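What TrEMBL annotates here:
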DOMAIN    B:3-147  domain 'Aspartate/ornithine carbamoyltransferase carbamoyl-P binding'
BINDING   B:R55, B:T56, B:R105, B:H135, B:Q138, B:G268, B:P269  carbamoyl phosphate binding site
BINDING   B:K83, B:R173, B:R227  L-aspartate binding site
DOMAIN    B:160-306  domain 'Aspartate/ornithine carbamoyltransferase Asp/Orn-binding'
Amino acid sequence: MTSVTSPSFLLKNAAILGGEPTDIRIADGVIAQIGAGLTADGAEVIEADGLIALPGLVDLHTHLREPGREDAETVETGTRAAALGGFTAVHAMANTDPVADTAGVVEQVWRLGREAGYCDVFPIGAVTVGLKGERLAELGAMADSAARVRIFSDDGHCVSDPLLMRRALEYVKAFDGVIAQHAQDPRLTEGAQMNESELSGRLGLAGWPAVAEEAIIARDCLLTAHVGSRLHVCHVSTAGSVEIVRDAKRKGWNVTAEACPHHLLLTDELAATYNPIYKVNPPLRSAADVEALRAGLADGTIDIVATDHAPHPHEDKDCEWAAAAFGMLGLETALSIVQHAMVDTGLLDWEGVAERLSYAPARIGRVADHGRPIEVGAPANLALYDPAATRTIDAAESASLSRNTPYAGMELPGRIEATFLRGRPTVLDGKLYSLDGKVA
Amino acid sequence: MKRHLLSAADLTRDDAELVLTTAAELRSLADRPIKKLPALRGRTVVNLFFEDSTRTRISFEAAAKRLSADVINFAAKGSSLSKGESLKDTALTLEAMGADAVVIRHSASGAPHRLAHSGWVRSSVVNAGDGTHEHPTQALLDAFTLWRHLGESKPSGLEGRRVAIVGDVLHSRVARSNALLLQTLGVDVTLVGPPTLLPVGVESWGVDTSYDLDAVLPKVDAVMMLRVQRERMQGGFFPTPREYSRRYGLDGRRMATLQDHTIVMHPGPMVRGMEITADVADSDRSVIVEQVTNGVAVRMAVLYLLLGGSENPE
């Protein structure tokens, strides 16, 4: 199939959330009919035997790099990668150049997403002007803009000033916003290169101690409770952080948290290679932290998986560790890692996967038309996934402009076969389709 | 021996003892009128220094030249850390010039490891100090100096000897390499310093640690003082330089508590009056100048063993 023009599709024998196979009719952008033995009636038939139907995935933490670093990624290339990963919506982080701290920039990013057409792009607004942590950006203007920003984050930087954080949490209550905190005490992590551990001491790489994350999370949970606002904790990476979030939830505070795929799988031992493909912020932690994150994700302490997809050009990784950029690709491998770390280990079923990669992130981002159960009448945002497939990750095959995947050469389970965005396939048979229905 | 010398951990006990005995043979050259051997004739050794270190560079240069190797000194001004030419491009340039060994000094921990394992060069890589990671040839020359002074006939005689390494262990590549190598040689190592300057996890290094210099000094056969860099003095690791000197400096009073045979070492350059007083540095116990002499012999041994001498058919 090299082009698709049909306005309607019939997915035959798809297992919704891994349940009994059934047929799903997609027409006019919505899920029109669900049931066994549906007839084509002019719809394009897609054989989905053995495939799981999932709600379109929603990423709450994506770096699309545009504007400013179009050598690393653009909205178009990043959303292509997202579609191939089963995502129908991504939230674009604010640390672009210029920073997404005005209505103008967030509307630009939002518009670029719509023009590309592979995935809905919801811009995240900066909390402070220029991410400098000095004064609040015009959060209300971004919230009221066409981009309808609800998540605000200085990601890459921590809003470390406690008073500024308090004010931000208070201010976003006016439009049901949420502050997504990059929890990293800057003083405790000056020059930090990797997880602070016995290994960092031996390798001579400056340590990034767990307490630098945990102290900020604890403080922010207390602030959130105090002002009655909403906090989302980005990329939780330590066992101690999981404990703090668990405790905050037990107290009934409005705190949500995310874990990244790489923190669910990889450990700090990889730094011993000095290969900066494994350099990421927050850093890869210990095996005990990985276990705690998995347990936290399983019991709901960690609400969601978010990719922290962070493209970097080759030269920013093909160098000595200290000179390299922090970050790794994640969109095209996220679901496979979750299957490997959570589903194949029995920690999570597919219902749980849908909750953590689709329903919950959409709720946190206040996105109405994504993260909805696969039911008649819902927008046809969904993905077909083959959990029995295996693939060996080849960095060169990535749809991203960048190649900094830490999984190159690894064999991972699962493959996205199709992704539908409002009833239109962005991926079919594992191949990308552009807005005009042609193979991209 | 492995093809590269990146960490003191690359050396087995046999390797380390071979380097030391080879160095002893080569050191006798220094007393001859003609100091040169033809062992590495036709081989090219590149000294790739991203960080200024005149003494280490000269030591390697002298070592390579006494083995008749061709020496290229490449002082790279500004690493990719400061947005100069990248380590990779520099490495490709050296590869194109046909280097047999690259001796690298770099401010980034692991830079020699990257050079050796990224497929950029085929030559042997010798770590001449990387960031706060390691400086294995310094550890070898320290072990060599210990061996000569503690009066043993073979390097294996260092077994059971006690050495204190004192000061800024956290930022010291010399301390890391010595802790590894001296343990390989059976030496009992005690790291001494304020808690702020001992690395997290040091308890798993297999060495003893102490915050109390006075308690350690009478027990050791050698005391190795580490330099306290000026930038650390501003970093809040200790209240004032004076307090540091009072608690961890080696002065005449403390020197008097050492056993008669105990030697005093320092990798240089010293900050006199900070970690060591002038009367100690210039005393009969001090072997600091001899460490420098031994450095050439040890680096000759390393280059000779890594490059396999002139007989190597390669």
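Every residue, even glycine, has its Cβ placed from backbone N, Cα and C.
Feature map: TrEMBL annotations on the structure.
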{"residue": "B:R55", "record": "carbamoyl phosphate binding site", "Cβ contacts under 8 Å, 6 or more apart": "B:G268, B:P269, B:V292"}
{"residue": "B:T56", "record": "carbamoyl phosphate binding site", "Cβ contacts under 8 Å, 6 or more apart": "B:F49, B:R105, B:A128, B:G129, B:Q138, B:G295"}
{"residue": "B:H135", "record": "carbamoyl phosphate binding site", "Cβ contacts under 8 Å, 6 or more apart": "B:N127, B:A128, B:G129, B:R173, B:V174, B:R176, B:S177, B:P267"}
{"residue": "B:R227", "record": "L-aspartate binding site", "Cβ contacts under 8 Å, 6 or more apart": "B:G167, B:D168, B:S172, B:H266, B:P267, B:G268, B:P269, B:M270, B:V271, B:E275"}
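Using a cut-off of under 8 A between C-beta atoms, the binding-site residues B:H135, B:Q138, B:R173, B:R227, B:G268 that neighbour chain A are B:R173.
Same-chain residues with CB within 8 A of the center of the B:R55, B:T56, B:R105, B:H135, B:Q138, B:G268, B:P269 CB atoms, the carbamoyl phosphate site residues themselves not counted, are B:S53, B:S59, B:A128, B:G129, B:V174, B:P267. DSSP classifies B:Q138 (carbamoyl phosphate binding site) as helix under the three-state reduction. DSSP classifies B:G268 (carbamoyl phosphate binding site) as coil under the three-state reduction. Summarising the environment of B:P269 (carbamoyl phosphate binding site), the number of other Cβ atoms within 10 Å of its Cβ, over all protein chains shown, is 10. In the three-state DSSP scheme, B:R105 (carbamoyl phosphate binding site) is classed as strand. Using a 10 Å radius centred on the Cβ of B:G268 (carbamoyl phosphate binding site) and all shown protein chains, the other Cβ atoms total 16. Around B:R173 (L-aspartate binding site), a 10 Å sphere centred on its CB holds 23 further CB atoms from the protein chains shown. Residues B:R55, B:T56, B:R105, B:H135, B:Q138, B:G268, B:P269, recorded as contacting carbamoyl phosphate, have a largest CA-CA distance of 16 Å.
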